[in-house]
């Protein structure tokens, strides 16, 4: 019996030991319950894209990561995340947050990454980020911030990355980043900044990359970036910068990349780059530069990449320092530099224009002439051969004036004729070839797609040619034919003579032949017959025949042989010498 009692006591002790363990496991499981419409992965909670208007409840206090992206949260209240003291990162981007309480981040001191981008935040209190001194990454980009408070980032000594991109900031307060000693990356691009105070970036001793692109700066002085000994890259592209000055009393040896593209820079002061001896990459494209001085290119001793396209290069002798520097430059360079002037070489590549028009060779010739201006034998003038057409008058004038004016033009073939570049010939040939190919293609497609129309067109053109040939042949047949007619124009007195006396002048006219006049000695009214009328002229004179008593000869009379013509019998015979048949006129006796 005692043995059974001991066994029961041992069983009870085991149950008492296991019961607290089970309760602890159950409590832990309840504590780690995942909120509705969320996804939990260990200590990471994802409540994304479910239109949450507030922070979900029942989030485990031991969660280390919380993502509330793409929801409809509009406001962050005081102590909103107080129960989540183990949070390391918090994503609140792509919401509609417009108001943030200054105590919204109380209780999450361990937070290292806070993303508030793509919201509608217009204002942040001075102490908003004081409860999170361990922040490494703070993203406030793509909001509507208009100002930064003077102590906005106070105490953020561990901050490494700060995004303020695409807001509406107009100024940067003095020493606003004073406590951000470890800041490595600062993005202030796409704002409305017009100027920078001298101490705006004071305290950023470890800053390596600074973005100021797409703002409204009109001038830049390197003195506005004091003692940024570790800054390697600065981006100032697409502002309104017209001038650059250095104003530094120290050497900025850490800067490697400088982007000034897309501005309105018209000129660079000669000593601007002297304080940047280690500059490796320089972007000056899409500005309004016309030339670069010799002193400036001499300061580019460490460059390995440069872009200069999209400027208004003046292809005169002022471009020569840059041309020779680029010719000897072995790094990565932009080769599409186009001349904006003078007018006769606009659109040419700078390198082609300089070599074609000998723009810089003249400068070398002038220097050579200067070195020989003091000859030992003045009786023998020094003659320097030129690669272009030699003109003694020009050479002589060069010796008389050893310092030519800047507007001096090179005498040579370029003044007599305009040079045609080889690439223009190639481009024209290609354009002509493409035009012919396009025409042939259109004809081929039309022939394949509409064969009946093409056949009709060919038949129409063939018929047109046939008609034209028929007209020409008809014109050739009609041209030798002559018009024959009898012109009888009696006056009143002659009519009376003919009717009374039976005689009078009669005029017969053959067009293109001859005109004859013959008197008639007839008795009573004579009768005439026309043999083989040609064009119906006898029919045309039928009324005259009826009036005067003329009648057509009978066939029996027409066949009478031995027709004799003579003045005694008053017969007239006219034979046409053309393609028309002969006409015989015969007097018939009553």
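All residue numbers here begin at 1 and follow the chain in the order shown.
From the backbone N, Cα and C atoms, a Cβ is placed for every residue, glycine too.
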Can you tell me which of these residues Swiss-Prot lists as N-linked glycosylation site: 126, 501?
126
Using Swiss-Prot as the reference, determine which range in 404-424, 425-445, 446-466 is annotated transmembrane segment.
425-445
Can you give me the same-chain residues 6 or more apart in sequence from residue 126 (N-linked glycosylation site) with a CB-CB distance under 8 Å?
102, 149, 150, 151, 152, 154
Restricting to the repeat 'LRR 7' (206-226), what is the model's mean pLDDT?
93
For residue 291 (N-linked glycosylation site), write down the residues of its own chain that are at least 6 apart in sequence and whose Cβ falls under 8 Å from its Cβ; none is a fine answer.
313, 314, 318, 319, 321, 322
Within the repeat 'LRR 8' (230-251), count helix residues (DSSP H, G, I), strand residues (E, B) and coil residues, in that order.
0 helix, 6 strand, 16 coil
Can you see whether DSSP assigns residue 58 (N-linked glycosylation site) to helix, strand or coil?
coil
Using DSSP, how many residues of the repeat 'LRR 6' (182-203) fall into helix, strand and coil, respectively?
0 helix, 3 strand, 19 coil
